[in-house]
Amino acid sequence: MDWSTIYMIWLRDLIRYVRQRSRLYSSIARPILWLFILGSGLRPSFGAIQGFDYTQFIFPGIIAMALIFTSIQSAISIIWDREFGFLKEILVAPVPRTAVALGKGFAGSTLSVFQGTLILIFAPIVKVPIAWYNVLILIPAMFLISFALVGIGIIIASRMTSFEGFGTIMNFLVMPMFFLSGAMFPISRLPSWLKVVVYINPLTYGVDLLRNILLGISNFPIALDCCILLVFSFVVILSAVFFFNRGEY
Amino acid sequence: MIKVEDLARSFNGLWAVDGVSFGVKEGEIFGFLGPNGAGKTTTIRMLCTLIQPSRGQAWIAGYDVLKQPTEVRRSLGIIFQDPSLDDRLTAYENLKFHAIIYKVPRRERKMRIDRVLGMTELQGRRNDLVRYFSGGMKRRLEIARGLLHEPKVLFLDEPTLGLDPQTRNRIWQYLHDLRRTKKITLFLTTHYMDEAENCDRIAVIDYGKIIALDTPENLKRMVKGDIVTVHTQDDTLAQKELGERYRVVVKRDSSGLHFEMDKGEEFIPKLVKDFSMPITAVSVRRPTLDDVFLKLTGREIREETASDKDRLRQRVRRIGGMR
């Protein structure tokens, strides 16, 4: 495996992230919007959900939101690299494309985990107690979820030829995946036709895992969440590598 | 150093490159000259293993382009037609990342980066973000980057496109120095005739085929004598008279009438004296590669302002018209 190439792709994305402050700011602004404005607005109408109030209940979901947005955005940067030519420089180098795809995967998940961890600073405000060892479990869990999400992003980026499709992806993939993951409402009360979609959505198990770690409530056993996420990540990353390898640039 | 046999590539049934064969010797500067859409970039992309040829074979530094792509990639450097730098990174970071993916040993990295930056006179901008660079500086940085892993062959796709004449001359200075000091083989494409003069040999390419391949001097010898340009009050009549009286092929465009004539300077006084109608302007000049291209294709290369896509469309129409 070509570790130096993976490292280079990873490092480049991190440097770019650090220099591009707007991404950091919006990643802090977005949870404030959802958690405190939407959350506080809806809290009175919801009442207690399994012993938690609404803002506490959606707190893990907001972390999942940070993960999905950051992951997809990172992977989509492949399209930027193609538009601005840098992708050619990498693809003409004597390195396997698999390493390039994996580098993107690691970079995207690293940034996602960072953004997700950042959300934890809001935990005291919504009164979600976090034990330090929970953070240690949370980080690999976030990494697992992100890796799969970046994989989805890479598949899309390999298939998409221009940047115009970006809005379509946000509307038809990212938002539905987020809404149908149980991030914003409990899935047990959904009508059964909607439940089917929710059960197919891999992010559902990610949200469930995060909620299990942070609040101690869940719909599925922790082992099932992990299994499904592992299998899904594996399949998605393999397909991402396949599609990325196949494209002509 | 480069060997190409019957290389071809079609896009949706249209042959962008239609069976080209040529060889390039070590240390040679070899140029592909042709209008936009003639198949120059497609040829480079096949040689660099970025796209698969539809048929034919090619070898770079002895490695088969189809069977040993990794070795081929290791032996070549490329400067793309469009910029391919990361403009959010500094010049140094761009070079460092290139060194990492090309596996330049860590202890050699700094020295080599300093050397290529020195060669392209960019040391002073080492830690500046590339987005603040001028077009010429970006090009120089790309050349520096292309040299970092010490390739045997350097591909340059329209290396001076969109640059001012001063910067163009300077880039050519680097390239000549490079060839002298490193014995590197240069393969470049261009549609600038004066730029093609820098090459040891030129392949003139049009509609995906090589229509001539020789040194610039020999190519120019294909045009006999000098080029005389005449302007009269009635160019239609004058064209007829010139053709009949001097047995020359006269080409007409907005700037006047052009024809080839041996010893052009001596011919002009005779022409002015003998011609039946008044001549408003006359000039004589040595043939350039422009004239060679005009002679070979009947078109001027500079007329081609259409984009690659338009040109492909024109070709579809042309092929359609031939049926």
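Note that Cβ sites are derived from N, Cα and C of the backbone, with glycine treated the same way.
For A:22-247, the entry in TrEMBL reads domain 'ABC transmembrane type-2'.
Residues of the same chain lying 6 or more positions beyond the ends of the transmembrane segment (A:57-80) and with a Cβ under 8 Å from any Cβ of it are 13, 16, 23, 27, 30-31, 34-35, 39, 46, 49-50, 87, 104, 107-109, 111-113, 115-116, 118-120, 122-123, 126, 128, 142, 145-146, 149-154, 156-158, 160, 162-163, 166, 169-170, 173-174, 177-178, 181-184, 186, 203, 206-207, 210-211, 213-215. Annotated transmembrane segment per TrEMBL: A:57-80 (among others), in sequence order.
If one looks beyond the transmembrane segment (A:101-125) by at least 6 residues along the same chain, the residues whose Cβ comes under 8 Å of a Cβ in the stretch are 5-10, 12-14, 17, 27-28, 31-32, 35-36, 59, 62-63, 66-67, 69-71, 74-75, 77-78, 135, 138-139, 142-143, 145-147, 149-151, 153-154, 237, 240-241, 244-245. Under the heading transmembrane segment, TrEMBL lists A:101-125 (among others).
Residues or ranges marked as transmembrane segment in TrEMBL: A:131-157 (among others). If one looks beyond the transmembrane segment (A:131-157) by at least 6 residues along the same chain, the residues whose Cβ comes under 8 Å of a Cβ in the stretch are 63-64, 67-68, 70-79, 101, 104-105, 108-109, 112-113, 116-117, 120, 169, 173, 202-203, 206, 209-210, 213-214, 226, 229-230, 232-233, 236-237, 239-240, 243-244.
What TrEMBL records for A:169-187 (among others) is transmembrane segment.
Tertiary proximity for the transmembrane segment (A:222-244) is limited to same-chain residues at least six positions away from its ends with a CB under 8 Å from its CB atoms, namely 97-98, 100-102, 105, 144-145, 147-148, 150-152, 154-155, 158-159, 202, 205-206, 208-209, 212. Sequence annotations record features per position, and here TrEMBL assigns transmembrane segment to A:222-244 (among others).
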Fill in the blank from the handout: Contact set of the transmembrane segment (A:169-187) with the rest of its chain, CB cutoff 8 A exclusive, min separation 6+ beyond the ends, reads 49-50, 57-58, 60-62, 64-65, 68-69, 72, 76, 152, 156, 160, 194-195, 197-198, 201, 203-204, 206-208, 219
